[in-house]
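Per TrEMBL, the features are as follows:
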SIGNAL    1-32  signal peptide
DOMAIN    171-260  domain 'Ig-like'
DOMAIN    282-321  domain 'EGF-like'
DISULFID  Cys292-Cys309  disulfide bond
DISULFID  Cys311-Cys320  disulfide bond
Amino acid sequence: MWLMRAYLGRIRPHFVICLMVLLATGVEEIAGVLCFPDESFDAASRAYVAPIVFSGKVRSRGDNFNGGVYRTVFDVHTVYKGNIGVGAQVKLDFFDPDAKNSIRLRRRSRKHSILLRRCILAASVQPGKRYIVFASEITGGNYSVVSAPILQSKKTTREVRSIVCKKCAKPPAAAGLRDVKLTTRHRLMLKCRIKGNPIPSVIWFKDGKELRPSKRIKIKTRRRKSNLRITCLKEEDAGIYECRPSSIMGQGSSTKARVTVTKSPRMSLRPGNVSSTLWPLIAVPCPIESFCLNGGTCKYYEAVGELVCHCAEGYKGQRCESKDLLGNIPRDHLSLDATLRTLALYLGK
C-alpha cells in the first residue's frame, strides 16, 4: 500500500479522487503502477483512466522473452491526453495471449511486472497497424501500459475525443421508470433512460436483488436505453424494480418503479353461465376467411388471441376438417363445446 501512496504523491492532486473511485471498479496496483486489466470497458472508459492517451503505429514487435512477454515500439501520431510529444517512440511490454502454457506464463508475467515496475497486460499487437494506446509514465522516457490498446477506427477515436475534453466526463444517472399496475398473464415492460459519459452499463434489481435473464425475463440494453420485459406476469412478480447505472466513474443515481400485480378475474366456462361470464370474450370477424373448412363459420376472440370455428352440420374439428359421426347431437351444443374447450386450453383451465 505504501507503493500506492508513493505513486499518488507523484501525480496531480485532482487525479487522486479519481483513483479512489477506480480502485473500486477493477483498476489494480502492480508495483505502484496503475493497471486496468478489464477489457470489457470501451475506449472512453480506458481513456478516462489512463494519464496518457495517444494514437500510434506499431514500428516493431520483438520476440517473446521471459516466457510470453514481448516488447513493442509505437510511433506517436496524435496525442489525446497527457504530456508526450508527437513523433516520439514509446516502448511498451505486453503478454502474448497465444503463448503456450499461457496460464503459467501469466503468473510469471505478473512477477515480471513487479520487478520492472510496469503493468503488463495480454494483447496481440501487430506491426504496421495503428492503435489507440493507454499508458502512464514511470520515469523520464519510460512508460507502462495502463489498459490494452484498441485498434484505431472512427468509432474508437470518437469515443476517446468525447471523454478527454474539459468537463466532458459525466457521472452515470438513470431515469424514466414509473409505477405500473397490471393483472396476471399480462406483459410488463419497463424502459430506463441512461445518462453519463462514458456510457454506463446497467443492472436491473427487484426488491434489492439482481435480476437474471430467463425464459420469461428479458433484458435488452443498447447504448443509452435499457428495457426490461417480463411475459406472463405472476403475482410474485410484484415489487420494487430498479434500474441501476454504473461506469468507470462509479455507481450513479438509479430510478425505481413499484409494480403491482393483481390476479386476473377467472372466467367460468360452464355452459349454464356462458351469457354472464364470457362477456369479455367478444367475437369479431375472422381475419383469415379460409381458416374454417367445409362451410364452417370463423370467429376471432381478441381476449385470448384465438380463432374458433363453428362447424356446419356434419363436420367437427378445430378447423371443421373432420366428418361428424355423431350427427344426432345438436350442432349448437357441439359448436359451443368446441369453443369452450379451446378457450379453456388457452386460459389454462
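Cβ atoms are placed via backbone N, Cα and C, with glycine included.
Rounded to a whole number, the distance between the Cα atoms of Cys292 (disulfide bond) and Cys311 (disulfide bond) is 8 Å. Taking the Cβ of Cys320 (disulfide bond) as centre and 10 Å as the limit, one finds 24 other Cβ atoms among all the protein chains shown. Cα to Cα, Cys292 (disulfide bond) and Cys320 (disulfide bond) are separated by 6 Å. Under DSSP, the residues of the domain 'EGF-like' (282-321) split into helix, strand and coil as follows: 0 helix, 15 strand, 25 coil. Around the Cβ of Cys309 (disulfide bond), a 10 Å sphere holds 25 further Cβ atoms from the protein chains shown. Rounded to a whole value, the Cα-Cα separation of Cys320 (disulfide bond) and Cys309 (disulfide bond) is 7 Å. The local packing around Cys292 (disulfide bond), expressed as other Cβ atoms within 10 Å of its Cβ over all shown chains, amounts to 24.
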